[in-house]
Amino acid sequence: MEDLTVEVRGSNGAFYKGFIKDVHEDSLTVVFENNWQPERQVPFNEVRMPPLPDIKKEITEGDEVEVYSRANDQEPCGWWLAKVRMMKGEFYVIEYAACDATYNEIVTFERLRPVNQNKSVTKNSFFKCTVDVPEDLRESCSNENVHKEFKKAVGACRVYFHAETNQLIILSASESTVKRVNILSDMHLRSIRTKLMLMSRNEEATKHLECTKQLASAFHEEFDVREDLMGLAIGTHGSNIQQARKVPGITAIELDEDSGTFRIYGESEEAVKKARSYLEFVEDFIQVPRNLVGKVIGKNGKVIQEIVDKSGVVRVRIEGDNETKLPREDGMVPFVFVGTKENIGNVQVLLEYHIAYLKEVEQLRMERLQIDEQLRQIGMGFRPSSRGTEKEKGYVTDESAASSVRGSRSYSGRGRGRRGPNYTSGYGTNSELSNTSETESERKEELSDWSLAGEDEREGRQQRDSRRRPGGRGRSGSAGRGRGGSRGGKSSISSVLKDPDSNPYSLLDNTESDQTADTDASDSHHNANRRRRSRRRRTDEDSSLMDGMTESDNASVNENGLDDSEQKPQRRNRSRRRRFRGQAEDRQPVTVADYISRAESQSRQRNLPKETLENGKKEKVKDVIEEHGPSEKVINGPRATSADRALKPQTTPTERNNASCQDGSKQEAILNGVS
């Protein structure tokens, strides 16, 4: 403001020092020194420029001078017009010309100056320029020190910011200043903006320095966060940092974005650690066995979602087989979790517990499978309960063991076979007698029949023998189901056992008397009696069939037209039947047709070699006794088939009686397997 100093004439004629603040059309806004008068507008004619400071002072007696003095104590000093009357050394006697009466005063040389020759200012004495200031720079432009270099560059007398118009005002006494202002104004504003930024950083640095000095003796922690997790650490709109700053005892939280480093300062260690728990986000992985991955995820991700919700982790990711970023163990799949350290610890506890639970469940399941496998290897073990549900019947147990618990009867399988070498049916009465009813002679006779049979027939017999049930459900032998009682006055095996000396062939008398020449007729009569009791359904789905193959000895072709050797024996239906019947009901009368083969068997016999026929004749007596005895349903021996009988020579009743008389004693001993 020194450059805009002017002298304003007062009402008493003295000139007082003032400063130009603004330039108007016909006046100037002047501010007085020390504000002894308020700011006011002064016309141009009452304002003049001060003299140059380097003017040479040469004062002699009689010269007009200006004296720096004041009229009273209330007014400041001003330049008054006076005249030198006397000089004596450095002291001057002056006389004021402004006063009506002469007023003399002795003053020193410093208070004197020559008369100011400058005239009053005019409109063209000052030049004014304005520059609009942006809003962000208005506060900075209010400080006149910011425009110091700009003022010097443009040659302005004064540069200041006008708050009402938001403009930068440049006042100058030179016209060239206006041109310079137009050139440098934009650059000046940019420099102000740059300086403002630097100044603000310096201020922050100063504050930080002061804060650091204060916190040097306090608690602080420093930790790094990965760049990809920095967004999670800061939070949405800095929510995590704000939450950490709200922790009681936290004085400052600093973040270095370049290195991802957090610095937390607080009054206590607990407060600092708590604030750190909000900001420290990490990524960690947990190894999960491959066979348990599906169970850890759960149906529709239910299990893993529950773990994530309870632990508080932000993300979960399953490492793929083609990814090799993380170390992988054999048979393990890494589960990658992202969250705070506390969240990672929570998810680790939950996941380890769940994996341990799944392993225990798997171990129990394997033990269950091992027990099941042992039960299968032992075979058909004890059933826990026959009333159990279908799911409880999944264990395979042995039916024979279960049947032994239920009763004395043995049901060893419901199919064909499953006959052990010591198999004994529970259907027979007096099973011990039934098992021992076969004598050595009968076995020899069966062996002889076996030797006479061909290879094909032997195989067929072996197959049938493997399916036979010794002592089970026979209708004609004594080893059957106790149905050999007499009926209608007919002879029975009991009469033979009571009187061993009697003729055993008396059992055949009733049957031979009813023979006829027509073999087919007797055959049909023989089968008619059996159909009454043999029409039984093999299974629930099959219709009733004639049990011709198993009930008759001379039936070589069954009712379906298939040879017995080619067809599998029908599966017997184990129906409940009365165990005790009359012996005569099951026992059938033996006729000549039982010992005479059909026409097919006769034609087959004619084609046999002579040696086979001769061997058959030698054994005819034994064959006859086997037909009348219980050999058809022997307990443990094979059953003769129609093919075996076809190989035997046919005999008449007379020849059979003669042969029986010759070996009567021998046959009596082996009749029905009882000696």
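A Cβ is built for glycine as well, from the same backbone N, Cα and C atoms used for every other residue.
Among the features that Swiss-Prot reports, compositional bias 'Low complexity' is placed at 403-413 (among others).
The compositional bias 'Low complexity' annotation in Swiss-Prot covers 429-438 (among others).
Positions annotated as compositional bias 'Gly residues' by Swiss-Prot: 473-488.
Residues annotated as compositional bias 'Acidic residues' in Swiss-Prot: 511-521.
Taken from Swiss-Prot, the feature compositional bias 'Basic residues' applies to 527-537 (among others).
Per Swiss-Prot, compositional bias 'Basic residues' is recorded for 570-581 (among others).
The compositional bias 'Basic and acidic residues' annotation in Swiss-Prot covers 608-631.
Per Swiss-Prot, compositional bias 'Polar residues' is recorded for 649-664.
Per Swiss-Prot, the feature domain 'Agenet-like 1' maps to 4-50; the stated evidence is sequence analysis.
Taken from Swiss-Prot, the feature domain 'Agenet-like 2' applies to 63-115.
Taking DSSP states H, G and I as helix and E and B as strand, the domain 'KH 1' (222-251) has 18 helix, 5 strand, 7 coil. Residues annotated as domain 'KH 1' in Swiss-Prot: 222-251.
For 285-314, the entry in Swiss-Prot reads domain 'KH 2'. Sequence-distant contacts of the domain 'KH 2' (285-314), counting only residues of its own chain at least 6 positions beyond either end whose CB sits under 8 Å from a CB of the stretch, comprise 232, 326, 329, 331-340, 342-344, 346-348, 350-352, 354-355, 358-359, 362.
Residues belonging to the region 'CC1 domain' (201-208) score a mean pLDDT of 88 in the model. What Swiss-Prot records for 201-208 is region 'CC1 domain', and it gives similarity to another entry as the kind of evidence.
What Swiss-Prot lists as region 'CC2 domain' is 353-379, and the listing cites similarity to another entry.
Swiss-Prot lists 381-675 with the feature region 'Disordered'.
Look at Swiss-Prot and you will find 470-485 tagged as region 'RNA-binding RGG-box'.
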